[in-house]
Amino acid sequence: MTTKYTKTTPILLIINSSFIDLPTPWNISAWWNFGSLLGICLLLEIITGLFLAMHYTADISSAFSSVAHIHRDVQHGWLIRNLHANSASMFFICIYLHIGRGLYYGSYIYTETWSIGVLLLLLVMATAFFGYVLPWGQMSFWGATVITNLLSTMPYLGPTLVKWVWGGFAVDNATLTRFFTFHFMLPFIILGVSMIHLLFLHENGSNNPTGLNSDTDKIPFHPYYSYKDLLGTLMMLALLIFFALFSPNLLGDPENFTPANPLITPPHIKPEWYFLFTYAILRSIPNKLGGVMALLFSILILLMLPMTHMSKQRTMSYRPMSQAVFWLLVSDIIILTSIGGQPVEHPFIIIGQLASTLYFTFFLLLMPMVALMENKLLKW
């Protein structure tokens, strides 16, 4: 009888137990594909990013022209840059769908895996923000100025902290250099934290749409789910290539085609589309400190989900009232994203304030109350 090579070599044994012979519930749907898609996005970002870093210059006098040089003079530079910029959008689409699936199917019950996932979200958001500054266009410069200025709300340390982050009295060469360093370094940290995320996930075993224990009925990951993931990967890559080749600037901001000018403020400063919902929450509170607190809490509120879970059932599969609340939350986030891209004027201000209030109400009041009501109706 021959021994399988993958089960005798230490490194291959880890790969085998994580991606080949991993016991997986037989009934997980396509919503479980997004974890692997995020891994593909991360690897694609690292590879394209490395090639871009070979030609990019982190200096305010030549950063903008170095991006133009990548597009015009570097062989396939335009393609590498378009793939890098648009796979960031794909990354966030996948990450939001991944979180949405976790919220719907009660994946947050695995508190360690969920907490590390929230940390990963914060790291990815930080990396994307640093990357947005690097082309040194108008929106890059003013986005960096506005967002880093939010640190000044911290009591006592605020103003000093802002100058320390800037490396001077304004966003300048030192800021660009350190942001490039962080943008280069963070993806590798994300890669390491993702490994820990997987480690904790495989410790408990994957959740499934029923929310019930599936230890008695599992199948190996390969070939069943590896081929299923491959289909998802091909669909995502097709969409990414469509964006990169046909409309690479659709998700970007036209202001970034103008080199950074500290003397001219753009009419409407806004971040990338995937941050618009948090930006709308930030803007909806007139007080600066209150806005920053709301911005932070809009992400950190995800850490409270294991504590606010009141239902006797894990998933929302058999809870129609909770499903209605969930889809209302999704619509609310879409409204916030839309409002974040609009100028600060009536009626967008009041819509943003109402949508922001609703966002926190869903997490803190509606979801727990509806879960308790369902328990009552089911006489549990």
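Indices start at 1 and increase along the chain as displayed.
Cβ atoms here come from the backbone N, Cα and C positions, even for glycine.
Copied over from Swiss-Prot, here are the features:
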type	residues	note
BINDING	H84, H183	heme b b562 binding site
BINDING	H98, H197	heme b b566 binding site
BINDING	H202	ubiquinone binding site
TRANSMEM	34-54	transmembrane segment
TRANSMEM	78-99	transmembrane segment
TRANSMEM	114-134	transmembrane segment
TRANSMEM	179-199	transmembrane segment
TRANSMEM	227-247	transmembrane segment
TRANSMEM	289-309	transmembrane segment
TRANSMEM	321-341	transmembrane segment
TRANSMEM	348-368	transmembrane segment
Neighbourhood of H183 (heme b b562 binding site), C-beta criterion under 8 angstroms, separation at least six: G49, T127, F130, G131, L134
Outside the transmembrane segment (289-309), six or more residues from its ends: residues with CB under 8 Å to it: 99, 103, 106, 108-109, 111, 114-115, 118, 121-122, 125, 150, 153, 277-279, 281-283, 356, 359-360, 363-364, 367-368, 371
Result, the transmembrane segment (227-247) in contact with the transmembrane segment (78-99) (3+ CB pairs under 8 Å): yes
Stretch contact, the transmembrane segment (227-247) with the transmembrane segment (114-134), Cβ-Cβ under 8 Å, 3+ pairs: no
Neighbour tally for the residue listed as 'ubiquinone binding site', based on other Cβ positions within 10 Å of its Cβ: 14
Number of other Cβ atoms within 10 Å of the Cβ of H84 (heme b b562 binding site) across all protein chains: 21
Residue among binding-site residues H98, H197, H202 with Cα closest to the Cα of H84 (heme b b562 binding site): H98
Length of the line joining the Cα atoms of the residue listed as 'ubiquinone binding site' and H98 (heme b b566 binding site), in Å: 17
